[in-house]
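What Swiss-Prot says about this protein:
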BINDING   241, 315, 322, 325  Zn(2+) binding site
COMPBIAS  1255-1267  compositional bias 'Acidic residues'
COMPBIAS  1268-1277  compositional bias 'Low complexity'
COMPBIAS  1280-1302  compositional bias 'Acidic residues'
REGION    1-29  region 'Disordered'
REGION    1253-1302  region 'Disordered'
């Protein structure tokens, strides 16, 4: 204390020394309390406001020294010993586990659904977690207040309560990557150490945190950029705009909680009206007076709830803000200076905390519902009394307990045994967990009170699967179902109200496809007996062949040969050709074929097996093909060419074609020139034959060069020739007197460099036989299917086709093609090599059509299938007809029991149920049984007086003083659940029984944090908007079944009807008065709708100008408050004025609907102020004013719609902005900061402000401060039409070059 005292005295002395201050500051009060982080902040802020920066810095230094000195003396350190675990933790955990055990028991008895159990578990753990946290704090507070961990967290130096909780309490529940909460909590803390399971679960949460941070930084940066762009041109340009407008400040509330107090909102503002004390009527403060901390406190203490202050939202300064409307600059707690770039400051203040907002809130399955309902626990033991007029309806809580829900506000009373009496107020919708006259213990939960209006939480439909924990038969008990068929014909079954699905235990065998049961319901089977069997049947029949190497993974193969063909005279040999193996086929007639399909592959109908090797139809070069008597048809694939139907002669006129595709300059010969063989026609290309050259070129690119062999005859006049070019000339036919060919030639006229000539081109003839030779073959065929090889001749070219080639060309191919006499075209033949029966060294080619059947491997008892055993019924070489059985697979029972559940009719999943002795339970009785045979009993129900059932089940028989139960499990399904099974179905363990449909609270607002801020500032339509009241009045609410019928009736009797979308919850009640713009259903409001509703409502009474102002004012207030709510909920404090500046930029424009007599265009976006001035002018001249609607622009839209096209273009959509500006001939007046930075001028803010402000004469400033203008440096400004050329370089400064070197 002495140290602190000395310190304060020092401050006073320093203050006294500061003689510059007009009045000596009051002595420093002695602050006698613990100083933590918050008090420290206040202390420094107070000193800063009172004594300025220098002394505050000195004081902060002194505080630092003080802190370190005592920390060192006290030896504050941290060791693992300081992590003291509260002793009551074990007992709290045990208590929670007992509660959960009870809930699980209720679940197994079928009293609550899976969802209710899950909800109960999660809520229990959350409560336990909180209790442990409280215990931890109180443990520290009482037993170890100087614990270093506790001091650190408590003072706010480092860490917070939730982190300390993880160190010494329990870590709590974690969410998995889908955002579902895992119902296994982490019960340990870091001091005790986590188990392996807990460690893995906890790493989920950690990963989520990291990913989130990474995404957040990017989003937050982009938000800041957009904010800077929208508000960069807001600069303080005037001292006082003189407006009498203002906004009403009131404390920002969220339900019953004060989020921002009025006092906090008032500090640093300027009053727009005098403030009068409500009781004494004395004036506390005048208009235009600044509100400091003391005045704010005085105003709040006088009980004033609303204060009219000036605000950037209502400032009338042109394109800027005046000092009075902005208020204090938060940097130094004095009125803001002229030329301050408040827009940029606002943008940074809103953008910077972005990284601290959590991004995605995970749908945590209704964990945060604790915040919505306030729990009432009994302060003492006693009896609960309800009033007579209490209206309630029965209600099932989210934990599956029965409770009562209040239909109207009321009270309940708790009476203690010693005459104590406590009255609890209950609001409508509250839940009572006890009945009238019930005895309650101390701290027992009596009721949960809903907080009115706060229930802005919306709910969403979610589904949860119910899974069978045992195999058996489904039995519905008291479960009415409703079937719906949709347009696609899918049927869904839903439960009409809640009921039970029982699964009666038994062994369920899944039958493989095609298996038929061989037992009947009620048969008794022993282990190993056959329950069902399946047969393996051949489709086509044939001869059985059992390959040796046929044991594959899945079982043994059996092959059945349907048909076969052998080339019994041809032998197969293998040759190595270019490093690859080739199979060659030598026939008896001396032909050699090469196999196109290698042995071991399959070929289908009409596919090529082999091709004849021959050189008779090979040409030297390319050429022209002509058919003489040959007939072809296209069969099979196009690339295989044309099949010859009738033989004849192929005529072949050779020519050599070189594809060049090079520049024409490389050509060495001329078109029509005759060249010798071996001439270099183009660089690096030589011709092989002598002949006439034809050059084909296009766009100076040499495409092709053709050399046509033949004899060239120059003629004087080609007109003498009677035979047309392109004709075939027979030997001895006279052309001209001197030319008589001695062989078949093809006539062509050419233009040579020497003149016209005739080219006689030789023609070669190739004879094609009608039928090719086929090697002999013998076919064996079962089941009447024939298979053979057919020889086919194919020509690859059509008649008259020009074949471009330099090398040889094959004109005819002879191929062997497989032909299956087809009634099953999908069959394929296998190609095999077999040894000759007489000479094993000779191999023959065989083609077989096979059917391969797979025998199952014997399965040793798998859980669901039972054990299978397969028997083969045929042997090698057997001949089998169509549909013959080859093997049988038997499914054997694993345990003895009684067969049940065989259903007639075609079921998709074939299953058989065997009820074994394991599924039965015998309970000895002492007295008369109180149940009858067939009854379904739950665990804990009495079978006889004093004998509870050990398990749930169905009573099978009662005899000889004992009851036989068939084990079963009940599952409770809620109304509306989608059923996945029908009554009597057989299910395996792990099958889905039903999907429970339930509503869960969306955590807080659907989107929180950054995305919500972005949604507000971009003025996006929220996903699930609420319905807003369009006119004030009283709600009239009636229900048609589930559908609400909602009307609002005004004072004059006008009725407005509202339609409520499904999934929206009403937050108004019958008879409630509502104002215009109030929400009627839950969900976030759409700001565009708000604006439209307010504008339309006020327009009828006030006219456009006032209506637009009021509507915009409401939306501005809504946006400012919503943004504040998000930031405050995350613990971030931002001054209202920053948000107001941004919101002002968003709400400054209107859209012209009808231009009247003005020069505006319909649809144009104009500043509200501009259009009001224009309309005022019209009113004077008597023209028709423009009609308009106010619009709300998101920050991106607003940035792109600024006056300055340079600023807009540098933000986004550069091309569009610049082209539009160019078309409209816009000029940029360089008013904002960004434009000037881009062009490289001095920015008109800070010291540069006065440089530009000289143009407009300012009214004399009323402040006593000296003006900031430096008079001796007047800027030289030339105003030239619409250009603004400015060189504000004073004369006596260094020239540019020197200046840049500095």
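Every residue gets a Cβ built from N, Cα and C, even glycine.
Here the structure is a predicted model, which means the values were calculated and not measured.
Known features from Swiss-Prot, placed on the structure.
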residue : record              : DSSP class
241     : Zn(2+) binding site : coil
315     : Zn(2+) binding site : coil
322     : Zn(2+) binding site : strand
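Listed in chain order, the extra residues whose Cβ falls within 8 Å of the Cβ center of the Zn(2+) site residues 241, 315, 322, 325 are 238, 240, 243, 310, 312, 314, 316, 317, 320, 321, 323, 324, 326. Each of the binding-site residues 241, 315, 322, 325 was scored by how many other Cβ atoms lie within 10 Å of its Cβ, and the smallest score goes to 241.
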